[in-house]
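Under the heading Zn(2+) binding site, Swiss-Prot lists Cys70, Cys72, Cys85, Cys88, citing sequence analysis as support. Taken from Swiss-Prot, the feature Mg(2+) binding site covers Asp466, Asp468, Asp470.
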Amino acid sequence: MAKQEQRFDYVKIALASPERIRQWGERTLPNGQVVGEVTKPETINYRTLKPEMDGLFCEKIFGPAKDWECHCGKYKRVRHRGIVCERCGVEVTESRVRRHRMGFIKLAAPVAHVWYLKGIPSYIAILLDMPLRDVEQIVYFNSYVVLNPGNHSELQYKQLLNEDQWMEIEDQIYAEESDLEGIEVGIGAEALQQLLQDLNLNEESEKLRQEIAESKGQKRAKLIKRLRVIDNFIGTESRPEWMVLNVIPVIPPDLRPMVQLDGGRFATSDLNDLYRRVINRNNRLARLQEILAPEIIVRNEKRMLQEAVDALIDNGRRGRTVVGANNRPLKSLSDIIEGKQGRFRQNLLGKRVDYSGRSVIVVGPNLKIHQCGLPREMAIELFQPFVIHRLIKNHSINNIKQAKKLIQKNDPLIWDVLEEVIEGHPVMLNRAPTLHRLGIQAFEPILVEGRAIQLHPLVCPAFNADFDGDQMAVHVPLSIEAQAEARMLMLASGNILSPATGQPIVTPSQDMVLGCYYLTAENPGAQKGAGRYFANLEDAIRAFEQGSVDLHAWVWVRFDGEVESEGESDEPESVVAADDGTVTKTYRFRRIRETEDGQRLSQYVKTTPGRILFNNTVQTALIH
């Protein structure tokens with residue numbers, strides 16, 4: 001059967017109606033039989049190790065445990081595809097359908113959804129315009145609620161009554177001379193469902209809009225909050241009573257597996273225990289209702305069913321946490337979804353991707369700001385397709401298999417090809433958590449020995465990285481478009497300013513600041529070569545390199561360009577006239593020789609070899 005391609009624009013998460021939940025789990029077999037309801041708490045038969053019928057692993061509901069094999073073994077081949085066994089009712093198909101086929105449990109009494117009851121904010125409490133404490137009192141069978149005050153003068157709609165108050169009113173209703181009628185009182189999730197059903201959302205929305213226009217302050221904020229919830233219900237075409245469950249879905253069995261261990265014992269998902277509690281209590285409640293058990297016993301069983309469903313959806317949200325063996329809290333549906341180890345963050349957002357790697361970062365002070373050091377071992381793995389392509393294209397290798405063998409043997413040719421491949425091919429480095437766009441930047445890779453990624457110290461503030469064991473991920477942009485985009489938009493040398501403040505984020509720090517200070521510092525104790533004259537800057541640096549002048553020694557260097565010098569007086573400290581008519585003016589940091597008519601012949605600047613080195617470095621960088 002050809003797979004149909006389904007295109008969609010977005011995924012919408014909304015409340016599911018009881019009919020929708022039944023549709024998820026209910027299927028009509030080719031023989032007309034409707035299956036889907038899980039009615040037994042059993043999982044597998046411990047003697048035959050086969051799933052129990054109508055249980056949590058039922059093959060009739062969820063599909064066969066083995067490919068193309070029914071429960072009783074009558075059909076065992078792919079040629080029987082699609083047949084439903086007459087004896088056991090199992091459809092002959094692939095076992096992987098057990099990863100997506102759902103079931104459902106029909107509840108003997110309605111149950112409030114704990115997310116909407118105990119969530120922050122409580123949507124049920126907001127919609128009913130009642131305090132959360134009162135709603136909880138109703139749901140957990142501590143208080144009655146008036147659903148219809150009838151002709152009783154003292155009763156009000158949604159008023160809470162305790163046991164004694166209700167008994168008193170009941171006595172009045174059934175008294176011989178009583179004229180009370182139309183009084184309706186409820187308790188538990190059934191009463192809550194009735195209250196939610198009575199809500200007319202459109203009318204409430206109109207009424208709230210009028211009240212908001214007339215009110216202010218705290219009251220107005222509360223009304224707006226309620227209106228927002230009501231408008232969302234209207235917008236998604238959901239009904240408030242759907243927050244009370246009559247049917248609960250059973251997730252596919254392969255998502256809550258049961259596996260046999262070496263010693264013959266079984267390891268099972270916590271969900272199976274939570275589902276088993278729900279089914280046991282549900283079946284017991286149905287039986288009690290059948291035999292018309294006393295109201296107090298039925299009510300207690302309904303409360304226990306509510307608590308069992310609460311634990312299944314979100315264990316520990318309300319009441320005592322349900323624990324398994326060795327007092328470990330059981331993992332509910334919410335626990336599987338939420339948090340760092342949950343389905344979204346761990347498996348969907350945090351999944352491993354191809355052409356990516358991860359390693360510890362170390363400082364690479366010899367790198368340029370747009371470069372990173374990539375370990376050879378990692379690079380050959382990441383760029384393997386490009387290397388194989390280049391080998392086949394240029395080096396008379398005939399096929400991929402041959403090229404892979406060369407790579408496995410670490411042939412010297414491979415490293416030359418890898419060097420060619422990575423030249424001009426940027427890689428992207430990412431450090432979690434990526435809190436702003438500079439958390440992922442592009443670099444040109446340089447092959448390095450070892451197993452650590454080398455990073456330029458100036459890009460650390462953008463990544464909020466340091467070298468105390470931080471790890472970073474590498475990603476390779478594959479297409480030409482992706483490479484061009486990485487180079488133009490994401491290269492580290494183009495991300496100098498912070499997107500948040502507009503201030504420079506690449507600023508010298510630590511060793512760099514210390515080095516600049518040390519080069520330009522004054523040290524009166526540095527006397528070696530002090531006072532010497534040099535014809536140009538290069539001569540002074542050469543003298544320092546030969547060791548004849550200290551780094552901080554004051555020397556005079558001929559420099560005929562413009563010199564800016566703060567704190568220097570316009571008046572010379574001394575003026576000396578020579579026999580040839582020239583005049584030498586000495587300032588604090590300059591010595592200028594001029595002709596009689598003021599024409600400059602030469603200028604010497606008082607500086608240190610360190611300052612010359614600093615000036616040359618900055619000047620070279622600015623020119624390039």
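Placement of Cβ uses the backbone N, Cα and C atoms for every residue, glycine included.
Positions of Swiss-Prot features highlighted on the structure.
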residue : record              : DSSP class
Cys70   : Zn(2+) binding site : coil
Cys85   : Zn(2+) binding site : coil
Asp466  : Mg(2+) binding site : coil
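Counting only same-chain residues six or more apart in sequence, the Cβ atoms lying under 8 angstroms from the Cβ of Cys85 (Zn(2+) binding site) belong to Cys70, His71, Cys72, Lys74, Tyr75, Glu91, Val92.
The CA atom of Asp466 (Mg(2+) binding site) is located 64 Å away from the CA atom of Cys88 (Zn(2+) binding site). Spacing of Cys88 (Zn(2+) binding site) relative to Asp470 (Mg(2+) binding site) is 58 Å (Cα to Cα, whole number). Sparsest Cβ environment among the binding-site residues Asp466, Asp468, Asp470 (other Cβ atoms counted within 10 Å): Asp468. Report note: the Mg(2+) site is defined by Asp466, Asp468, Asp470, and the residues of the same chain whose CB lies within 8 Å of the CB centroid of those residues, excluding them, are Ile361, Ala465, Phe467, Gly469.
Residue with the densest Cβ environment among the binding-site residues Cys70, Cys72, Cys88: Cys70, by other Cβ atoms within 10 Å.
Listed in sequence order, the residues Glu59, His71, Gly73, Lys74, Tyr75, Glu86, Arg87, Gly89, Val90 complete the 8 Å Cβ shell around the Zn(2+) site centroid, once Cys70, Cys72, Cys85, Cys88 themselves are left out.
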